[in-house]
Every structure is written in structure tokens, then in C-alpha cells.
Amino acid sequence: MADSPGTEDGGAGCSGWFVVEAVVDKQTGDAVSEDEDEEDIEDSGFDMIDFIDNSVVAEEHVELSNAQALLHVQQTCADAADLCELKRKYISPYVSPIQYSEPSIDGDLSPRLHAIRLGGGQKAKRRLFQRVEQRDSGYGYSEVETTERQVETEHGGPEDTVGGSGRVTTDEAEAVEVVEDGSHVIDHCSPRTQLIELFKCKDLNAKLYGKFKELYGVGFGDLVRQFKSDKSTCTDWVYAVFGVNPTIAEGFHTLLKRQALYLHTQWTSCKWGMVLLALCRYKVGKNRETVVRQLSKMLNVPDNQILVQPPKLQSPPAALFWFRAGMGNGSEVSGTTPEWIAKQTMLEHSFADTQFSLTDMVQWAYDNGHTDECEIAYYYAQRADVDANAAAFLKSNNQAKYVRDCASMCKHYRLAEMRRMSMAEWIKHRGEKCDEGDWKPIVKLLRYQHIDIIVFLAALKKWLQGIPKKNCICIVGPPDTGKSCFGMSLMHFMQGTIISYVNSCSHFWLQSLADAKVAMLDDVTAACWGYMDTHMRNLLDGNPTSIDRKHKPLAVIKCPPLLLTSNINITQDSKYQYLQSRVQVFEFPNPFPFDSNGNAVYELNDANWNSFFKRLASSLELQTPGDEDGESSQAPRFVPGTVVRTV
């Protein structure tokens, strides 16, 4: 039976689908023979072949013929890509050092710039440079060399992706200035990039000190002295601030000069931005923490970009640096120049340098009553602003030796002066150094303690004269009756010495009696009474005796008038019978009175004791020859004079 040109069966016999499968044996892409009739092809159902995708090669078509296998492969690739992104986001070792820095002022002025900030992961950086480098698998197997760089916006701030999508917008990509020429990449670094590299330094202060010397030609340490503590206060401060925004720098001097007596500022530009160097004298003293906090807020910079130290006050090169810098056009100066700059830069001051004179220093210490080494050193150094000899003392390298010599000479002068005076002259000399008070509180206290004033004055007169057997007075009584207060106030007025039985184990515990006008032994106990009964009978008599002195030979002295206080009344104990004739005893039986505010009812001070001795000078026989003649003694002078030498 001849083949029919078409199919009339309803799909039971040969069909168009059967014809397609029959033609599968032919190679795909073979050209159709021209001998075949186009009409036969259309009738055979070959017009349906356009429904099959022949764009894939035969091998791939065979492998992906299974639709479920293709879906599995696509899901696996998608999961691997997501896992790679997560690894790059959370396992990246790179952490930006700027992420914790304070925001720039540009971020406060522009919301769009505020949204652009540097992230902590490497994910955004790789996404940002996917145009200039090939994307690898994320496992480091790619052989393509890539370059990782920090990218910045046109405003100098670091750029990062915003949101969680990790995509870079078109506007942000336009802000990146990157030109790739083969393997060489050109990047235009802004001041913010330089600060990022600065923060990566291990020793930030060393980097800042080096940059300062590069900009100004002098080390920061040459202009300042070091304060180890941040709590130390000072009125003068030198500070250098790095990476300041130029818009803030314009009004800084105007804002700060309201708080300062003197302000010297100069700005310098570098690759890190604007650098500020300033010398400021505040109206009140400030510590370093306060100054750093103030500058950080005013200039909008982190604390670690600020160097703050007090200036060198005794350095002529440092003073000359500020003097010359203030004369230039690059500095802005307001206020009165500090005296330490003016004195070290004036020609008159340089020519007027004098040689130190120990005699002038000794005379000053004697006139002001300084005998302690610490007081002499401290107060004389403060006179360097008004005394040329004190300024020469500060410039000397032998300050400690001069202080020791000065204190030693003052003690010798004072001791000789005291020994030359009689007791009446000494009391008058001490009274001239204090004000006039009221003698009545002392008399009222003695009456309050039931002491006969006439008997007490008679004993006090003999005590001051140092009459043998009358050279020691003891005040006894219960605790809190005012015995020590009464005795200590008298010793303070007469500048007497205090000895203590606690030092009795030393051979030199009585050495201070050799250089005293009067002396006091407070709170004599039973053991001390026993020691005095055994070893100090001759001393209590007021007769000459010998005492041991440290690093000196034995000295024969007459014991000065000695005042004792004790809770033990030796007149009521027979075992102290040998001391009863040597000690005059007065008893304080009543507690010392105080008012409702806790103040003493009977005030005992130098002014009241001065009035007491002046009032009762005739009864105590304290009249001096100078009082009768009306002569006034002049203060001694210990300075070299002009001696006329004759031929």
C-alpha cells in the first residue's frame, strides 16, 4: 500500500509525534535536502519543531534532560553563594579602626553623608570593588591578583553600604575615584584616609610627635615640660591638635579667648588635615583632663589626636619660639604676654643677669624668720619674679647646698641672738612679733582652778629668773583639766622647746635643752618620775650639768626653766621626797571649760600672753634698760658694707 502524504488517523496509527521521534536519528543541525518537497514536510508535522530549544549543545541537553536534577543543581549553587557571603561577612579578620571614632561634623550637616560610614566587615569592600577585580569562589583558590584598598567619599569620609542588602548605589559608586591601568591602581588619598593610617599605628604619640617636628621644625618636648598626672592643675597649657576640620578652625580663637588671659594660636595644613598649635593662659587653673575634654568638644576630634602639656617656663629657646611665632602672620595672638616670655626675651633682662649672693639669701631668711630648709627653698624661689638674686638662685645648679648653708647660718644667728638676750629682753622680743591681746582670760583660768594669783606670780618670777631649787614648775591634776593647753600656749609664745620621755632610750634626748630659753616635758608618768629621781636631780635644781650631744663633745649647760605636767602629785607620795624640794607644784582640779560651740571659754594664745607679761612686768621684774631710756633696738644686718681702706 502506498504511503499516504498525510495522516488521517485520529492518533491511533502514525502521527506527527511519531514522525518527530523517527527523525531523532538525524543529526541536529543537518541541512534539509532540497529534493524534499516542502509541502511533504509541512504535511508530516515538521512545523512543530520550533517548540524545542536547540540552543544547548547535545551533551548538556542529555545531562539536564531531567528537570528535577536541574533544579537540585540550581539550589546547590544558590546555597553555596549564600554561604560564601556569610563567611565573608562574619569571619573576615579585618576591623576598621575608625568605626569607633566620633562622627565628623559633615555627617551632622548632611543626612546623606551621615548615612555613609565605614562598616566593620570585608563584605562591603569586596562588593564595592567588584568592578575592578574578578570575583573568586571565596576560598582563596583564585589565581587572579586583586588589590584591596580603603575607599572614601568625596568629603573625605569612609564609604560603606547602607542597609542589609549590601548593594552600592549609583551615587556612591560615582564618589570613588579609582583608575585601573593593568596591575597598577591609582588612588587619591584624602586627609581622612591619612588619619585612618594614623590610627593603625602601634605608638600613636610617637607618630604625632614626629609629625609635629616635621611641621614646625622643633620637637613638642622642647616646648613643654611633662605632667605625669592628668589631675595636676596649671594655668598655662600648650596643646597640639591634629586632623581638625578647616571649617571649625576659623572660629576657634574667637571662642576660646573669652576664657583666657593670653591666647596664641597658629594653624598648619598637612595631609592629615589642619593642625593646631596653641599656647593658652586660662583665667583659672585647669587640669589636663578638663583641657582635653574641652578641645575635643570644640574641635570635634578624638582625645588621642590631642597633645597637651604645660610650657617650659625656664627655657629661653622655648620663650623665643613663642615670641618669634607671635610676630609672624601665621599666628593669632590676644591678651597680655606671660611674664616668663617677656623676661626671657627682653634685652634688659638678659644683660641684667647677676651672680648669686648667699649673703642676700641669708639676710632675707633671717628677716622673715625662716630656719627650716624646706621653707627657705620654697619661699625664696617664689621671689624670682621680683628679686634678681632669687632668679640667680633658681638658675644655679647648687640650690640644695645653698639652702642648707642658708638654714645653718640662720640657726647660728638666731641661737646667738637668743643667748645674748636676758629673759626680760627675750619676752619683749617675742611680744613684738605678735598683737596685743587681753591678759584677763589667763588670770580667770587660774582663779577657776583655785590658784592664788600672788603665789603663782611669785613662783613664776623665780622660774623665769632660773633660781636654783625654783627652776621647775609642775602642774598636776586629773585628765582634761587644761594642763597641757596651759603649758603649750606658754611654750609657743616664748618659743620654748619640747622634750618627751619616749626618747629616753637615746643618749641625746636632752640635747635640745642646750639651745632653748625655756623647755617643757608633758605628761610625766611614774616611770618618768623614777628616771628623774635617779638621773635628773641636778638638772631640776637649775645648776650647771653636762649633757651628751650627737657628733659633738659633751656640753656643760645650765638647765633652762622647765615646765612639767602630770597626773601624779609627787607631794602626796613619800618616795619622791627628794623631788619635792626641787619642783613647785600647782594643781588644776576642775575640767577645762568650753562653750556651747566647743570653743574654750578662756582663750590662751600669744596675744593674751603678751598682754599678761606686759601687764605684770613690774611684778615679774621684767623691766629692761631700753624701756627706761626709750631706746629702740635696730634689726641686725648681715650684709657686706663698704670699707674705706687707707694707705
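Quick reminder: no glycine exception, Cβ is built from N, Cα and C everywhere.
Using a 10 Å radius centred on the Cβ of Ser484 (ATP binding site) and all shown protein chains, the other Cβ atoms total 16. Annotation source Swiss-Prot lists ATP binding site at Gly477, Pro478, Pro479, Asp480, Thr481, Gly482, Lys483, Ser484, citing sequence analysis.
Residues or ranges marked as compositional bias 'Basic and acidic residues' in Swiss-Prot: 146-158.
What Swiss-Prot records for Lys558 is SUMO cross-link, and it gives sequence analysis as the kind of evidence. The Cβ of Lys558 (SUMO cross-link) lies under 8 Å from the Cβ of Gly466, Gly542, Asn543, Pro544, Thr545, each of which sits 6+ residues away along the same chain.
For 451-601, the entry in Swiss-Prot reads domain 'SF3 helicase'.
For Ser92 (among others), the entry in Swiss-Prot reads phosphoserine.
If you look up Swiss-Prot, you'll see Ser96 (among others) marked as phosphoserine.
Sequence annotations record features per position, and here Swiss-Prot assigns phosphoserine to Ser110 (among others).
For 139-167, the entry in Swiss-Prot reads region 'Disordered'.
What Swiss-Prot lists as region 'DNA-binding region' is 187-353, and the listing cites sequence analysis.
Annotation source Swiss-Prot lists motif 'Nuclear export signal' at 109-118.
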**OP:** Inside 10 Å of the Cβ of Gly482 (ATP binding site), count up the other Cβ atoms and send me the figure.
**Re:** 22
Subject >> Listed in sequence order, residues not in Gly477, Pro478, Pro479, Asp480, Thr481, Gly482, Lys483, Ser484 with Cβ within 8 Å of the centre of the ATP site Cβ atoms >> reply: Thr565, Asn567, Phe588, Pro591, Phe592
Subject >> Candidate with the highest Cβ count within 10 Å, taken from the binding-site residues Gly477, Pro479 >> reply: Gly477
Original post:
What average pLDDT is reported by the model for the motif 'Nuclear export signal' (109-118)?
Top reply: 54
